[in-house]
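Take this structure first; my questions come after.
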């Protein structure tokens with residue numbers, strides 16, 4: 001029932017808007033899936049995309065994680081084989097809701113292994129409605145998390161069930177931590193070895209077959225913890241094996257030998273690992289991994305990572321928004337896992353501790369916290385309902401009488417059976433008569449009294465139990481209302497189609513698709529479009545035009561070049577774009593309608609990223625007394641940079657005052673003209689503005705004629721001492 005109930009909620013955005021893909025990254029995944037279904041798997045692995053990162057291009061098959069693409073492509077192929085002719089876009093839109101139902105099922109299986117079927121069902125219901133997961137599993141959210149969360153939970157379930165399965169960074173670090181915890185606390189068993197050893201071997205081999213991973217599966221620091229624990233568990237397994245075949249004296253000698261050899265091997269491995277990573281400035285860690293270990297690392301050294309909003313640390317209200325009341329139930333679930341503590345419950349506790357830490361570093365990792373919070377909250381609610389309902393059962397008269405009658409009837413049945421057994425065994429041997437006497441003695445034992453039952457079951461007062469159940473039901477109702485609101489209002493709206501409510505009704509802002517449609521119909525196929533990297537995937541997928549940078553962010557220098565151009569004066573920016581063969585520049589501007597995620601608000605990140613590669617771009621030049629301003633107090637560098645001019649060109653014509661509704665102030669420089677760029681298209685609500693670079697001949701035609709007249713006589717120029725312009 002839970003997976004089926006998950007589907008309508010996750011697909012509600014299709015009814016409210018239309019079947020459209022969300023955000024920015026999903027458009028790249030959709031474009032890759034289109035290529036896969038059209039050209040096949042072999043062409044996909046060898047696909048070189050010349051429409052991105054011009055003039056460098058990108059090898060798609062070797063730089064993309066193929067799990068999501070292969071999953072959606074396989075679904076499309078199966079449906080079409082069954083004569084269900086769905087488009088690739090439709091399959092991509094509904095991939096996330098389908099796998100969200102599978103994730104609820106996997107959560108039930110995992111929690112069931114920890115605390116039983118009741119806790120599993122409760123956890124599955126909570127995951128089906130948690131806003132944090134809804135934000136990544138609504139229809140149209142075609143990103144890696146759509147499949148990854150199901151794979152994560154199901155991998156943990158298979159590990160708990162002592163099966164082998166492959167995963168990646170979070171999995172290959174969390175599972176070794178749990179194995180090491182079990183070894184240190186004396187909970188080692190052959191089942192633990194069987195569960196972990198094949199997982200490391202098969203997981204590493206399978207991961208190395210993915211082109212984007214390759215030898216990184218054995219060369220990067222993220223994988224070293226699993227290999228170190230792999231050696232430790234083999235040493236422990238050898239010690240337990242020797243203990244079973246040797247005498248105590250020989251065992252002590254053998255243990256000393258094995259431990260010595262094991263320590264030597266571990267030290268040798270550590271030395272090899274240190275030698276491998278010593279040459280790397282990041283010691284073998286990726287930038288994102290270092291940002292998790294040191295939250296200040298990205299802001300200091302890699303501004304391109306820190307510039308992403310999903311990589312910012314969350315605020316306390318975001319926890320309440322994404323997991324709501326589960327934040328208060330998690331501590332109770334942790335306590336319940338310790339009574340009693342098992343391998344499965346210790347794994348869940350370790351899972352919630354690590355996920356809480358990582359979610360506190362990056363708001364994006366709230367998605368990893370959501371399943372753990374649902375599992376522990378499900379355990380807490382299941383245990384609480386069990387205690388309260390059991391307390392009510394033993395205190396209501398008709399229920400207690402019914403239970404006593406059941407006990408009495410069972411007592412009457414057993415002696416009759418024993419008498420019949422005695423009659424049939426009268427002629428048997430003396431040994432069988434003794435056994436029958438033992439059977440007769442067993443039902444004679446007096447049943448436990450009601451007070452003893454209450455003491456054993458820790459029965460709470462009736463009024464307290466009833467009030468507690470009512471409060472838990474109200475808490476669940478509040479959670480349901482909040483989750484439904486979050487799914488309908490906060491997370492169902494696609495970012496490419498925006499809406500707002502006012503006193504005169506609903507307003508729809510479809511400026512992004514309007515701009516991409518204009519590019520598709522009014523520009524040449526080979527034209528290059530420059531914009532900030534946020535809009536690269538959408539421009540390539542929807543306008544089918546070549547872009548300079550996109551959301552892959554693999555080349556920091558290329559992104560810094562675009563950031564430098566946006567931060568430079570108009571002439572210098574024109575020269576940079578001209579060297580990149582750019583013909584059109586696209587900027588996003590929200591000052592007219594109050595759209596806060598525009599390029600002016602992102603501009604300081606362009607300055608920081610550009611300044612990290614090109615030192616002449618300095619952030620203090622764009623700040624007035626440490627404040628970022630666009631009004632009359634803005635610095636001359638800010639007022640003359642390309643981003644300011646492209647955003648506010650002709651803005652004063654809208655209301656006569658040039659009032660920016662996002663920054664809530666009048667701009668500083670209202671009347672100016674563009675000399676190297678010309679406006680070719682502005683959307684209905686001014687949210688997307690497209691400019692075309694003026695050709696060089698239009699810019700220097702007058703200077704060429706003047707230079708010819710000046711150099712008509714070489715002798716005259718020499719007499720005057722004039723020098724020819726080398727440019």
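Cβ atoms are placed via backbone N, Cα and C, with glycine included.
According to TrEMBL, the transmembrane segment annotation covers 59-79, 91-110, 116-134, 146-162, 193-218, 224-242, 254-278, 319-338, 345-363, 459-481. TrEMBL lists 401-447, 698-727 with the feature region 'Disordered'. If you look up TrEMBL, you'll see 402-415 marked as compositional bias 'Polar residues'. Annotation source TrEMBL lists compositional bias 'Basic and acidic residues' at 419-447. Per TrEMBL, the feature domain 'STT3/PglB/AglB core' maps to 526-585.
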Between the transmembrane segment (91-110) and the transmembrane segment (146-162), are there three or more C-beta pairs closer than 8 Å, counting only pairs 6 or more apart along the chain?
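Stretch pair touches.
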Do any residues of this chain, six or more beyond the ends of the transmembrane segment (459-481), have a C-beta under 8 angstroms from a C-beta of it, and if so which?
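Same-chain contacts beyond the flanks: 126, 129, 324-326, 381, 384-385, 387-392, 394-396, 453.
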Using a cut-off of under 8 Å between C-beta atoms, tell me which stretch among 59-79, 146-162, 193-218, 319-338 contacts the transmembrane segment (116-134) the most.
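By Cβ pairs under 8 Å, 319-338 leads among 59-79, 146-162, 193-218, 319-338.
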Helix, strand, coil residue numbers for the domain 'STT3/PglB/AglB core' (526-585) per DSSP?
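Per DSSP, the residues of the domain 'STT3/PglB/AglB core' (526-585) fall into 33 helix, 8 strand, 19 coil.
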What mean pLDDT score does the domain 'STT3/PglB/AglB core' (526-585) have in the model?
93
